[in-house]
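Undergrad: Once you've had a glance at the structure underneath, I'll fire off some questions.
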Amino acid sequence: MAALPGAVPRMMRPGPGQNYPRTGFPLEVSTPLGQGRVNQLGGVFINGRPLPNHIRHKIVEMAHHGIRPCVISRQLRVSHGCVSKILCRYQETGSIRPGAIGGSKPRQVATPDVEKKIEEYKRENPGMFSWEIRDRLLKDGHCDRSTVPSVSSISRVLRIKFGKKEDDEEGDKKEEDGEKKAKHSIDGILGDKGNRLDEGSDVESEPDLPLKRKQRRSRTTFTAEQLEELEKAFERTHYPDIYTREELAQRTKLTEARVQVWFSNRRARWRKQAGANQLAAFNHLLPGGFPPTGMPTLPPYQLPDSTYPTTTISQDGGSTVHRPQPLPPSTMHQGGLAAAAAAADTSSAYGARHSFSSYSDSFMNPGAPSNHMNPVSNGLSPQVMSILSNPSAVPPQPQADFSISPLHGGLDSASSISASCSQRADSIKPGDSLPTSQSYCPPTYSTTGYSVDPVAGYQYSQYGQTAVDYLAKNVSLSTQRRMKLGEHSAVLGLLPVETGQAY
């Protein structure tokens, strides 16, 4: 193998202190420069290319001398998966040849001589399965492993010659899976040495080395009664002591080791379910409503060109929770706001059912100063504009659930407008009585301070003469508006219940 620049190629070279017999196999692989890759053990390999045959021989030879696959992997610097696959294939088939990469295996068709033997075996023993006929062909030397027909081919021959399929094919496959390992034992494979010459292989013959194979235990199948007993014990404790495990083993007729393994697997499944439940509970805390009381939310979002202060929620316990400032809707949301104006009757009915005040459908005075770039005056519903245009028609309330403080700097806090959940539904004067020089910033986008009290009421502070100028300069679009749009819309009664969300 062309070594990596500046390094001596040492791929798969066993260490000097090993006690297994050594052979003359060269353990250095030559590859074209630039194609070699180094695995986690320091060995060089080419991705997608089979391991060389002399290294495959060495793996089988070391396994024959009792060296564990993990040690073989470290000594030869071959990945553990590669070693295990080569040994498993050798134990099952007696061959160290690599399998086909991609595509399907060529279909093995029985020759006329082999078909005659199949018919002869079937007449001698009518209850013989297809896989047994296949093994008999190998044992008697009529075929080798490269020319022996497949089980499906033998079944096809039997179906054609005898007019019916030899038993159920699915039963044949299950029997084949269950008995193939026993029939294809290492002794049986190695007993057929003469038929193991591989013409297409780089080596003259397959290695003649029997390997010790530890049989794998079959999976334990629990009955409903056993599972019921185990689940009851798991409800009492997740870590039973030795006495509890032995008692369970006697009641369920299982071994104590099986009970211990069941509890280990059950604890792993319980931890997985607990993690999924915690994730589902966390998803409910995402934006879309008020968070639980006393739970801090995201830190204040710093806007580059905005002078809005941070909104705070003051609670009775004295703890202050900082919330990001709500912002105007985006262009997509403005279309939804216009649609909300068309659903004014539904919104008014919603407010009446929930004891909100019903507002008139009048907009602000058309002579009032407006800005075509201002999304507030262009996209708000009539209810919001009617509240802002005629504050005197709404009587004040001394105790409010959410009190919205006025903007800082030049705003009149003496006069205030308030909307109470308990006040009657009465019409508000049209907006033409408002002087043209006076306008108010909607409380939806104002700097708000919420005080949570048990009384259900909403009090809105009136803004002064400079609110329009302040609004024209400072209202901007931001993604934070989407986070708080739901709760502010619910306060203003913009969300019809029957027709779904207006945004």
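Placed from the backbone N, Cα and C atoms, the Cβ positions cover glycine too.
From a predicted model like this one, the values you see are computed outputs, not experimental measurements.
Marked as DNA-binding region by Swiss-Prot: 34-161, 215-274. According to Swiss-Prot, the compositional bias 'Basic and acidic residues' annotation covers 165-186. Per Swiss-Prot, N6-acetyllysine is recorded for K105, K139. Annotation comment: Swiss-Prot describes 27-208 as region 'Sufficient to mediate interaction with PAXBP1'. The region 'PAI subdomain' annotation in Swiss-Prot covers 37-93. The region 'RED subdomain' annotation in Swiss-Prot covers 113-161 and is backed by sequence analysis. Residues or ranges marked as region 'Disordered' in Swiss-Prot: 165-221. According to Swiss-Prot, the feature motif 'OAR' maps to 477-489, an assignment based on sequence analysis.
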Undergrad: I'd like the per-state residue tally for the region 'RED subdomain' (113-161) from DSSP, helix first, then strand, then coil.
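TA: Once the DSSP states are binned, the region 'RED subdomain' (113-161) shows 33 helix, 0 strand, 16 coil.
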Undergrad: Tell me the Cβ neighbour count for K139 (N6-acetyllysine), meaning other Cβ atoms within 10 Å of its Cβ, over all protein chains shown.
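TA: There are 13 such Cβ atoms around K139 (N6-acetyllysine).
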Undergrad: By DSSP, how many residues in the region 'PAI subdomain' (37-93) are helix, how many strand, and how many coil?
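TA: Secondary-structure breakdown of the region 'PAI subdomain' (37-93): 34 helix, 4 strand, 19 coil.
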Undergrad: Roughly where does the motif 'OAR' (477-489) sit in mean pLDDT, to the nearest integer?
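TA: Summing pLDDT over the motif 'OAR' (477-489) and dividing by its length gives 60.
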